[in-house]
Amino acid sequence: MGKKIKKEVEPPPKDVFDPFMIESKTAATVVLMLRSPEEEVLAKACEALYKFALKGEENKATLLELGAVEPLTKLLTHEDKIVRRNATMIFGILSSNNDVKKLLRELDVMNSVIAQLAPEEEVVIHEFASLCLANMSAEYTSKVQIFEHGGLEPLIRLLSSPDPDVKKNSMECIYNLVQDFQCRTTLQELNAIPPTLELLKSEYPVIQLLALKTLGVITNDKQSRTTLRDNQGLDHLIKILETKELNDLHVEALAVIANCLEDMDTMVQIRQTGGLKKLLSFAENSTIPDIQKNAAKAIAKAAYDPENRKLFHEQEVEKCLVALLGSENDGTKIAASQAISAMCENSDSKDFFNNQGIPQLIQLLKSDNEEVREAAALALANLTTCNSANANAAAEADGIDPLINVLSSKRDGAIANAATVLTNMAMQEPLRLNIQNHNIMHAIISPLRSANTVVQSKAALAVAATACDVEARTELRNSGGLEPLVELLRSKNDEVRRHASWAVMVCAGDELTASELCRLGALDILEEVSLSGSRRNKFSELAYNKLLNNNLSLKYSQTGYLSSSNIINDGFYDYGRINPGTKLLPLKELCLQEPSDRRAVLLINSKSDVSLPTSR
């Protein structure tokens, strides 16, 4: 055998850099590595920065100061999957920092983040990309960017992800997005309700809660309520209410049900499944204010249906609602008052609240919360309408003063409701006199000047109900209330014009007030209204005739006759017939005119000491 010859090892090429490991103890050095062209360096740098950012808010701020955000944004679209994944993970963590969020909006990276939600990407990328979007979507500008870059559709798709973190982040982002009406409309088009309902079965309460809160927002839209019902959503919600272990979800579940009860078909369905009795049970037995509030809201909406009112009355819902009026939670008081308002359509319920309910509602009129006062006034308005016993009960509960105080409320609804209650009470003479003694004529002037047509209408009606005697009319006149009342005759709103005409007709009952109304132009306005086929109404005609009866010279010139009840006094003059729309000159102006070939003006005057201007 030949002798073996040892093979020489070739030296490495001189132009190749020998690899070596770098161990850095400062974040600044690692941030510099983000600009490396090497994929392995980038991946390890991102991993190190991810671990650093996880340690707390201070570290996130440090990375921002070191300028890490901008180079990281470029890595979101890197060709290497590991680099892209690690960069996405960092943004999932960093995006909880407000300053980072602001910079990300300026760098316009939303499209790159949304691209990470693509089906072919791995679950961990889905998790942190959706986390980044969830954090960003808390602010309005970011919501707009996510929506405009088409982020809603992939987020909805990820609701069916096998990973619970992906589901949670996607649902949270969707919840933030649907606060905007346009997003809610698109959500419906993308059929997001079925996968959202599926999340109600999740074993993770946080996912269930986000799904319920999202449903609570989107079911404000009718089409979404229909979709929820068609997908057996009510069954899911009732099941949650029946499960004691899920009591943390009962508040939101009741809120969704309350929204759904605005639709008649849903009402029928929930009544048939026994859901209404469960609502009543929650309202009666729960000690949690938000559960009581949402249960009362649901009862209020359900009570607009006659069959539901009958069922609630059989279950003695009135006792429950009266008890809820005493809650310490303002939201519960409001919801209970609204439910009482709805139950008033049932005459038996209306009678029940005579002794129990009205005194408590009167107390709520004194609340510092304007919404509470408005809801209480609405309940009282419904309770006292066409019910003299309840009107008396409101007066006996010392309700007149609080009601008149509400007329100066900041909320138009509260003012209109209080004016309605006072009008209902004034239908009875003893109560009307009592109301007049509480300075109603001065208090009603501000509502008469309101820009809200409902308030104007209710205020004018209150004047018509309370200005039924000379003393009240004198007070209204002296307080300056006739001027805004006359202005309401010009209103383009039919109801305002009708009620203002009614009030003017009542106020024209004595000569001094009628004369002042004429001076303010009421007669001219009513004459103009009477010539309009669309604006004329029964009360405008009656008011016009009432004012004419206090201006017999004009009446005779316009009509050519006086009725048997018209008594001519000194100062009456016959100018002759004038056409409708023609203004009758005052006697003093006529005296100043030069003699002409026209017929003479005939004056009736029995007093010798009356001096008239002489013509020159």
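Easy rule for this one: first residue shown is 1, then count along the chain.
Glycine residues also receive a Cβ, built from the backbone N, Cα and C atoms like all the rest.
According to TrEMBL, the feature repeat 'ARM' maps to 150-177 (among others). If one looks beyond the repeat 'ARM' (150-177) by at least 6 residues along the same chain, the residues whose Cβ comes under 8 Å of a Cβ in the stretch are 110, 114, 117-119, 123, 126-127, 130-131, 133-134, 137-138, 143, 183, 186-187, 190-192, 195-196, 198-199, 202, 204, 206-207, 210-211, 213-214, 217.
Averaged across the domain 'ARMC5-like ARM-repeats' (253-504), pLDDT in this predicted model comes to 91. Marked as domain 'ARMC5-like ARM-repeats' by TrEMBL: 253-504.
Look at the repeat 'ARM' (356-388): DSSP puts its residues at 23 helix, 0 strand, 10 coil. TrEMBL lists 356-388 (among others) with the feature repeat 'ARM'.
According to TrEMBL, the repeat 'ARM' annotation covers 480-504 (among others).
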For the repeat 'ARM' (150-177), the number of residues DSSP places in helix, strand and coil: 23 helix, 0 strand, 5 coil
